[in-house]
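Q: This is the feature table in TrEMBL:
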- 92, 93, 94, 95, 96, 97, 98, 99: ATP binding site (BINDING)
- 328-355: coiled coil (COILED)
- 559-580: region 'Disordered' (REGION)
- 565-580: compositional bias 'Low complexity' (COMPBIAS)
Ligand SMILES: Nc1ncnc2c1ncn2[C@@H]1O[C@H](COP(=O)(O)OP(=O)(O)OP(=O)(O)O)[C@@H](O)[C@H]1O
């Protein structure tokens with residue numbers, strides 16, 4: 001007989017910390033509907049715009065007690081007593097009320113105690129009980145201390161657990177006391193393993209012995225369904241709870257009406273409960289729900305699961321006991337299955353061996369490529385030497401300038417002729433020397449400019465002409481630097497001279513008023529002269545700019561033709577050299593490039609290697625495969641200068657400022673993105689990407705539903721769109737993005753449902769919008785942001801429910817959080833914030849989860865609401881945070897990691913699920929780290 005799985009839904013009352021209700025139950029029609037979005041309130045999800053409606057076999061509201069629900073489930077016990085198998089599943093996100101429904105409490109006992117009560121009232125047949133949990137694909141017997149990781153065996157298509165305690169029970173009290181023993185065992189493990197209860201499934205089985213066979217009632221409390229991340233549903237390797245993933249797959253396949261290839265055997269849970277799903281069992285699933293708006297998506301996902309499960313039909317019949325011959329037949333079948341599996345493994349092994357040959361070919365190929373690039377590397381070395389020489393000279397010049405100024409000042413202070421503090425002669429020398437020094441400074445700046453002018457005004461190759469366009473702003477910033485240098489020198493001299501004046505004023509005997517006045521006149525003249533210099537310099541610069549513009553216009557006409565020519569002329573070494581020269585000069589003098597935290601200098605980056613580890617899903621590691629890497633693995637790409645991990649993809653920039661991307665929606669290995677040039681920074685968000693080029697332009701593409709692309713729409717965009725100019729730094733997170741412009745103004749855009757943008761209006765912004773705040777540093781977390789204002793004060797904004805805003809406040813906040821902490825840098829993660837102070841000490845706050853805060857978990861509360869210093873970390877220069885793991889670089893270029901390690905995202909190569917306190921990784925000379933959702937990248941000096 002075919003019988004559809006029954007689906008009940010139970011919505012519990014709101015808990016104390018939950019926000020407004022997003023769902024409403026219509027009991028008469030057993031329907032649940034989503035409430036319309038109220039723009040005045042905090043309803044935060046795009047989906048809340050839609051009206052969802054689901055109907056099930058029965059819907060219970062918060063008025064219904066466990067006893068009422070039991071009345072509707074009691075039929076399952078009746079079936080079992082009649083000789084049929086039956087099962088009751090509880091499915092829902094953590095804290096939705098699964099355990100409350102199954103076990104209940106003193107006042108309101110759950111379905112399991114009610115079932116046991118009726119069982120012994122109504123049944124005279126022998127009864128036995130078993131109680132297991134499945135945690136991380138391990139079966140543990142909750143009725144036997146120390147009986148963990150039990151094996152399973154299939155007999156006649158039915159899975160049995162070896163050495164399971166199946167305890168015969170006579171009465172309700174014995175049964176209840178076994179249940180309590182099992183719960184105690186579970187609580188013991190709960191204390192050992194954080195989050196244990198919400199990650200384990202428990203199966204309580206009542207076995208009723210009939211004359212010819214045994215019937216079973218299985219009562220199953222499943223792990224929290226938030227472990228079932230639909231994003232990841234296509235790949236079990238990235239899955240937190242394999243059994244839940246397979247359960248969902250099994251339900252999907254059964255709901256689609258598929259008869260074969262149902263993947264029961266892929267997890268312990270589905271293998272053990274095969275009969276309950278599409279097999280020989282009366283089955284009811286109770287889905288438990290939270291009514292809160294903040295759990296809207298989890299509830300929606302549970303309801304969708306329920307809707308699919310509704311379509312599954314079981315085939316019910318009474319199972320007869322196996323005869324001896326039937327048993328032998330079943331065992332033979334099992335043997336055959338094993339043989340088939342073994343043959344498949346053999347084929348796989350052979351394939352792997354042939355892959356090894358392929359690896360060898362790849363190795364040879366890589367060596368060949370290495371020879372090809374040798375010449376180029378040599379050239380980079382030469383230019384580096386040149387650069388060092390230049391730096392040395394520059395330093396010397398500044399030093400001698402300073403010495404001479406000091407000398408002049410000393411001369412001025414000589415109290416030789418008391419009434420004539422500065423003789424005419426000395427004054428002349430002073431002015432003369434001063435002018436000479438300034439001229440020297442100017443000359444130096446013009447040498448600088450000449451390098452450009454020469455290379456630009458005589459364009460011999462298409463590349464140079466192309467570069468002209470890029471160099472204009474660089475030239476401008478070099479000029480600005482020269483002006484600043486002049487101003488600083490002037491300030492320095494003025495202050496020394498004023499000090500002398502001050503001294504003399506105190507001692508009237510040395511200088512009379514008249515001479516003092518005269519003295520200041522000299523300084524004043526110098527001021528005026530200096531202003532003149534500036535004006536002239538400005539004029540000169542404008543002229544130069546015009547000439548350059550003219551030159552550029554002339555050559556740009558032929559640009560496309562000559563670029564085509566150059567593509568056909570790959571061996572033009574001279575051209576490569578020019579390109580490299582220009583590149584190096586650009587790198588030396590472009591002072592405005594601000595990269596992430598304590599970005600190392602160019603010199604550190606010119607020979608680098610990229611190491612990757614953690615989850616390989618979607619190819620996010622760039623290794624050419626989807627496999628995960630337990631320890632750092634060197635990827636075949638060299639000379640990178642910047643790396644960025646998104647949730648599911650990664651990107652890098654090489655020293656030629658070319659962009660490479662890999663991972664979700666891209667290739668399995670780093671691929672050059674030829675449409676982009678002169679890229680100086682890339683920021684990968686969840687599924688969107690931002691890039692910044694040397695002109696200060698920002699482009700964005702990817703998912704844009706919450707405005708995170710800043711391209712004036714809420715649509716996704718495959719094409720890069722220019723969204724900003726004059727920018728020096730960019731950041732991207734899950735659904736918001738930010739930038740700092742040349743005046744240090746902080747811009748943000750994307751989701752602002754909790755003020756995470758630092759903008760006053762609680763709405764999504766699809767255009768970059770200035771916060772009006774000038775900042776030194778910014779960082780974006782999943783739903784909050786933090787920044788250091790130019791005056792050094794640290795601020796946080798956005799969702800603070802998990803303590804991530806660091807100021808004892810656990811609600812959302814708009815920019816009113818000024819923290820006491822003195823930080824020079826900060827990094828936001830999923831729901832945590834980390835701060836680095838002047839000494840390189842690190843502090844953390846936010847939600848405790850899998851060791852992500854770097855403190856022993858027993859020593860901190862669930863929500864750490866104020867920054868607390870992490871022990872064992874010193875002189876930290878840079879930190880990156882993934883979903884729940886962190887990496888930090890110390891001043892000796894070593895890396896420390898802590899937090900979630902389920903996917904080997906800490907690269908330790910061991911099976912520790914998480915690391916509570918920082919531990920040193922086996923990597924040397926690391927200059928930048930970047931953490932993705934479950935993967936990590938490190939840039940190391942080669
Ligand atoms: N119907 C209900 N009426 C009143 N309180 C409830 C109800 N359902 C759940 N609660 C309360 O909600 C909280 C969470 O419930 P419970 O522990 O059963 O969740 P859970 O889904 O089993 O979570 P986990 O997966 O983490 O074990 C508890 O404090 C419980 O008392």
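Glycine too: its Cβ is placed from the backbone N, Cα and C atoms.
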Q: For residue 98 (ATP binding site), name the DSSP secondary structure in the helix/strand/coil scheme.
A: helix
Q: Which chain-mates of residue 96 (ATP binding site) that are at least 6 residues away have a CB under 8 A from its CB, listed by sequence?
A: 12, 224, 288, 289, 290, 295, 298, 302
Q: On a simple 10 Å Cβ count over all chains shown, which one of the binding-site residues 93, 99 is most densely packed?
A: 93
Q: In this predicted model, what is the average pLDDT of the coiled coil (328-355)?
A: 59
Q: So if I measure Cβ to Cβ from residue 97 (ATP binding site) and keep only same-chain residues at least 6 apart in sequence, which ones fall under 8 Å?
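A: Long-range Cβ contacts: 10, 12, 288, 289.
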Q: Restricting to the chain of residue 95 (ATP binding site) and a gap of 6 or more, list residues whose Cβ falls under 8 Å of its Cβ, or answer none.
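A: Counting only residues 6 or more apart in sequence, the Cβ neighbours of residue 95 (ATP binding site) under 8 Å are 15, 224, 290.
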